Amino acid sequence: MGYVYIKTYGCQMNEYDSEAMAGILHQSGFELTSDMEKADLVIINTCYVREKVKHKIFSFLGELKKIKKRKPHLILGVGGCLAQKDPHQIQKRAPYVDIIWGTSNLHRLPELLKFAREGKHPVVKVEQEVLPDELPILRGRKFSAYIPVIRGCNNFCSYCNVPYVRGREKSRPVESILKEVKRAAGEGCKEVILLGQNVNSYGKDLPERVDFADLLRKVNEIEGLNRIRFITSHPKDLSDKLILAIAELDKVCEHLHLPLQAGSNRILKLMRRGYTREDYLELVRKVRTLVPDISLTTDLIVGFPGETEEDFQDTLWMVEKVRFDGAFTFEYSPVPGTRASELENQISDSVKRRRLRELIEVQQKITEEKNKFWVGRKVEALVEGEAKKNPGMVEGRTRHNKIVIFAGDKSLIGKLVQVRVVTSGCWALKGELCAPSIYVRHP
């Protein structure tokens with residue numbers, strides 16, 4: 001059939017969807033390539049969380065227009081969240097795109113491709129369907145596997161369009177998940193990363209009485225698997241039962257990503273997050289009581305409509321109070337169609353930039369301080385690849401989600417190794433590879 005090049009924007013769920021598209025197309029005879037010039041089919045798997053990402057996508061489509069002129073038989077396809085939300089805008093701004101499909105239509109790719117080759121243009125399939133529980137997967141990394149457990153979202157936060165582009169929550173059957181995890185472990189994957197817009201909602205729509213904590217316990221029993229990670233947990237649904245499972249299960253990593261978004265109760269209410277900062281602090285207390293060494297990371301937004309200087313100071317106070325190991329920080333970006341985009345008192349770009357700088361400065365200082373704890377200690381690292389900016393070195397990820405860089409070559413990629421941390425910085429730890437030894441979890 002030829003070669004396919006896939007460009008992915010957005011979250012880990014999108015990365016999984018791209019792996020599924022690669023698997024589906026591989027079954028149809030396509031070979032994945034990292035050389036876009038070599039491709040007969042180019043796919044863009046899009047995101048629509050922020051307007052800036054949308055601009056990047058259309059910029060990339062502009063580059064593809066030039067290639068399409070040189071290679072008129074090249075087929076261009078656009079899928080994912082932007083395609084789901086606004087396929088007509090894609091047709092208007094990039095009329096040379098051949099195929100457009102939505103977030104729940106990716107399994108239709110072979111038939112859409114067939115229509116395109118028959119001369120139909122454009123071929124558009126954007127409608128809510130139920131994706132098959134099991135899809136062929138061509139993984140980008142052989143040692144780590146993304147495994148969706150629940151798709152969609154029922155929360156309708158005022159700044160987010162995920163429920164509109166991903167649909168309502170739909171949990172995947174337990175046996176289907178366990179089957180994919182077992183297959184991944186059998187293929188050599190050392191870790192699985194269980195995915196969902198909100199994994200804490202898992203099982204609420206299933207006929208059997210099962211929740212995410214139950215699922216974690218079942219996955220933990222699978223032989224050949226070393227690590228279990230999961231994202232994302234919504235604070236309003238983080239149960240005591242799940243916290244206990246994190247504490248008790250040996251394969252579940254000591255890392256929890258718990259998006260706070262804002263430290264002001266007034267802003268949290270406007271965001272429709274469903275919790276207060278007091279609720280959040282109580283969750284942190286419970287988690288750290290049962291898992292004292294847990295690494296906590298979060299998401300934070302500055303410049304939400306109506307955010308006063310006092311509201312912003314509340315966010316800084318929370319960051320200092322919780323002392324996150326790391327944070328993904330963003331300026332608020334209006335997403336058309338969301339409640340927040342219609343709110344009054346939109347914050348100026350200059351104020352948002354200033355607040356973001358201040359927030360990053362505070363968080364980086366905390367991250368640096370927390371990373372110093374690991375100096376002189378031995379950690380288990382799953383080697384993920386060669387260190388791009390450090391020739392002759394590789395980088396691995398610890399159970400606490402810390403990146404550690406040390407001397408080594410690509411033969412170590414995919415292996416679990418022991419590393420003694422020598423120095424630390426804001427973005428990574430640096431260490432030395434140890435002789436084989438038993439990893440002891442920090443109490």
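Glycine is no exception: its Cβ is also placed from the backbone N, Cα and C atoms.
No curator has checked TrEMBL annotations; they are predicted automatically.
Since this is a predicted model, take the numbers as computed values, not measurements.
Within the same chain, residues at least 6 positions away in sequence whose Cβ sits under 8 Å from that of Cys11 ([4Fe-4S] cluster 1 binding site) are Cys47, Val49. DSSP assigns Cys11 ([4Fe-4S] cluster 1 binding site) to coil in the three-state reduction, placing it in neither a helix nor a strand. Under the heading [4Fe-4S] cluster 1 binding site, TrEMBL lists Cys11, Cys47, Cys81.
Summarising the environment of Cys157 ([4Fe-4S] cluster 2 binding site), the number of other Cβ atoms within 10 Å of its Cβ, over all protein chains shown, is 20. Taken from TrEMBL, the feature [4Fe-4S] cluster 2 binding site covers Cys153, Cys157, Cys160.
Residues annotated as domain 'MTTase N-terminal' in TrEMBL: 2-118.
Under the heading domain 'Radical SAM core', TrEMBL lists 139-369.
Mean pLDDT of the predicted structure over the domain 'TRAM' (372-435): 96. Marked as domain 'TRAM' by TrEMBL: 372-435.
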Do me a favour and check the Cα-Cα span between Cys157 ([4Fe-4S] cluster 2 binding site) and Cys81 ([4Fe-4S] cluster 1 binding site); whole Å is fine. 17
Inside 8 A of the center formed by the CB atoms of Cys11, Cys47, Cys81, which other residues of the chain have their CB, for the recorded [4Fe-4S] cluster 1 site? Tyr9, Gly10, Met13, Asn14, Thr46, Tyr48, Val49, Val53, Gly80, Leu82, Val165
Can you tell me how far the Cα of Cys153 ([4Fe-4S] cluster 2 binding site) sits from the Cα of Cys81 ([4Fe-4S] cluster 1 binding site), in Å? 13
With a radius of 8 angstroms around the mean position of the C-beta atoms of Cys153, Cys157, Cys160, what other residues of the same chain does the [4Fe-4S] cluster 2 site pick up? Asn155, Phe156, Tyr159, Asn161, Val162, Pro163, Gln197
